[in-house]
Amino acid sequence: MEAATENQGRILLVDDESAILRTFRYCLEDEGYSVATANSAAQADTLMQRQVFDLCFLDLRLGEDNGLDVLAQMRIQAPWMRVVIVTAHSAVDTAVDAIQAGAADYLVKPCSPDQLRLATAKQLEVRQLSARLEALEGEVRKPKDGLDSHSPSMMAILETARQVAVTDANILILGESGTGKGELARAIHGWSKRAKKSCVTINCPSLTAELMESELFGHSRGAFTGASESTLGRVNQADGGTLFLDEIGDFPLTLQPKLLRFIQDKEYERVGDPVTRRADVRILAATNLNLEDMVRSGRFREDLLYRLNVITLHLPALRERSEDILTLADRFLARFVKEYARPARGFSEEARAALLNYRWPGNIRELRNVIERASIICPQERVEVSHLGMAEQPANNAPRVGAALSLDELEKAHIGAVLATSETLDQAAKTLGIDASTLYRKRKQYNL
């Protein structure tokens, strides 16, 4: 299959009049679209077997072929593709029949370049929105990434999670970055009796102690500089539901006594307001840090840890559940080629072997990112090793002993590893000890 060099959409023009094809093509290519032309139903069918199109302009009078029959076949072959019927004034009634049969719209010949451009932009926008909606609906219907597993250890964890979800016990989820701790937390909320209420997330590393207290418990107007309005806080938002404290190991030590008190008594005060309030909240927390080591070094309260880990679930790294790698890769590929309307339909044997041999330090998050990138840049039906962008990395993700690496190569490898295990660029910049603008420049420099 050919790769689209333009970034706005693939368009198929089907008309038996070469002058119309030429005029439409020049107009649309001037707008930056990728355009293919066919002068018969058979030629259109051949093109559609080789390429993925987002939009088709189909002449209703196509020589010996009936445009309505061609439309029906297109709807079967490429149900996602928007089809605009092109017709003469005398055949408007038939064009209306075509819309009832599944066409998106119709244009009356002769049409102006502005009419063609407007119709194209409108239909491609609808196509993009439909793709995003389908992706979201698929996310709702299907098991979340990494939670549909063939790994015995993962299946045992999921079974335990389902059993404890129906209780109100606090749960601590442990695991490396990218293993799906947040998804498991949201799944537990969905399996619980609190599912109809909110599941509110706080990302602990992103907030200072001062901001964390305000974000968690709320504040009154004038409580501090810039507090022009009162806020209710995440605890209030989660009342009756679940509060998920992501990366709890980064929760400010000075604020841990207030969190402990809330977990024990369900009581809290907003910043700048002495009134004691209550909230019925179930606590889920997750971290990739060793909290017991942090307790021993005085960086985390032992009594808070005991309150958080009534139930502990430890998610295995992706390399420890290798039987799920290809299943997840296939699922990600199917999702992204649908979302981006790309031609890839599977992986070559070499690519599948590379996926299995890689250690995935960034776990499921890294796998998802690798497959998303591959789905975008792959111009054919099979994803090759070169599309994955990780073929030359050694299995242990460390520089080879004795390898002559430049400082730039070392820096690139280090930044790439941090990016793979960070949820946001800000978090990656913080880990690297540089500001976001410097990280942006380095990513551009190293093509990361």
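Yeah, the Cβs are placed from backbone N, Cα and C, and that goes for glycine too.
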Original post:
According to Swiss-Prot, which listed range is DNA-binding region: 5-24, 205-224, 245-264, 425-444?
Top reply: 425-444
Subject >> List of residues, in chain order, with Cβ under 8 A from that of Asp239 (ATP binding site) and at least 6 apart >> reply: Lys197, Ala279, Asp280, Val281
**OP:** Quickly jot the same-chain residues contacting the DNA-binding region (425-444) by Cβ under 8 Å, restricted to those at least six beyond its ends, or write none.
**Re:** 205-206, 411, 414-415, 418-419
Subject >> Sparsest Cβ surroundings (other CB atoms within 10 Å) among the binding-site residues Gly175, Gly178 >> reply: Gly175
**OP:** Have a look around Leu245 (ATP binding site) and count the other CB atoms within 10 A of its CB, chains all included.
**Re:** 25
**OP:** Round to a whole number and give the Cα-to-Cα distance in Å for the pair Leu245 (ATP binding site) and Asp59 (4-aspartylphosphate).
**Re:** 57
